[in-house]
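Trainee: This is the structure I want to talk about, given as structure tokens.
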Amino acid sequence: RHGVVKNEDTFKTSPFHFDLWFYFTLQNWVLDFGRPIAMIILPLEWFPLNKPSAGDYFHMAYNVITPFLLLKLIERSPKTLPRSMVYVSIIMFVMGASIHLVGDSVNHRLIFSGYQHHLSVRENPIIKNLKPETLIDSFELLYYYDEYLGHSMWYIPFFLILFIYFTGCFTPVEEESRMPVAALLLMGPSSLYYWYLVTEGQIFILYIFTFFAMMALVMHQKRKGLVLDSNGLFLFYSFIITLVLIAVWVVWLWNDKILRKKYPGVIYIPEPWAFYTLHMNNLHAAKESL
């Protein structure tokens, strides 16, 4: 029966999944973080604005490879996990990532036309002068699908699957609660990617609730005499380092008045691409004018 922890699973442990975590980190950096970079640096003649960009093909590959890796990760759990919830989460993940693919593709292509990510849709010079004005509503709808609906359907299942896997990462053997050198080497790139995911995806609330749930589970299991195994420690410490990186990012940009205007809420966490279009683009333009 799915979702039932078998007695024989109770004391099973698993070694550190270096291969899965390595592939996971590599494809996250290349196919997710690297897709807008590939779109910008590759010659525009190769990928006309009315055709999919290199980043879109990266995104398509991400939408196929990531669910596969998440399923393989669940399969390696030493405990029997709720498979039905996992499968539904994977389906929602693919739907959300696909919605995001379309919206993100158009939004990033707009950069070549002068779109500025640090401004809202209606404040962008290339948008606010559109005629008829109902076209602006269409661009706001596109932004909603990209930044809100797509992100929600993409990231909620993603973090849910990670947490479901985390619930099976406990062992009664103290000697197995340590990380190998390979895990320590992967922790930096993994944490940095989660920082990008949380800041660019604007999902701090989702991330922090997942982290708090992980902390609560660790304390609850500790009272039972159970400790995290190497995979659980890798995931837990990666989330801790991510929180530190987010704090440094916020402190660094705390007094940026323009970004403050775009992110006026109580939780102020600017997007890296908004920072890029605001500051780095200006820097590049200044260099080119010299």
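Just so you know, glycine gets a Cβ as well, placed from its N, Cα and C.
Found this in TrEMBL, in case it helps:
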- 20-42: transmembrane segment (TRANSMEM)
- 57-74: transmembrane segment (TRANSMEM)
- 86-103: transmembrane segment (TRANSMEM)
- 154-173: transmembrane segment (TRANSMEM)
- 203-220: transmembrane segment (TRANSMEM)
- 232-254: transmembrane segment (TRANSMEM)
Trainee: What parts of the chain pack near the transmembrane segment (203-220), using Cβ distances under 8 Å and only residues at least 6 beyond its ends?
Mentor: 151, 155-156, 159, 162-163, 166-167, 194, 197, 228, 235-236, 239-240, 242-243, 246, 267, 269
Trainee: Please work out which recorded stretch in 20-42, 86-103, 154-173 has the most C-beta pairs separated by under 8 angstroms from the transmembrane segment (232-254)?
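Mentor: The stretch I would name here is 154-173.
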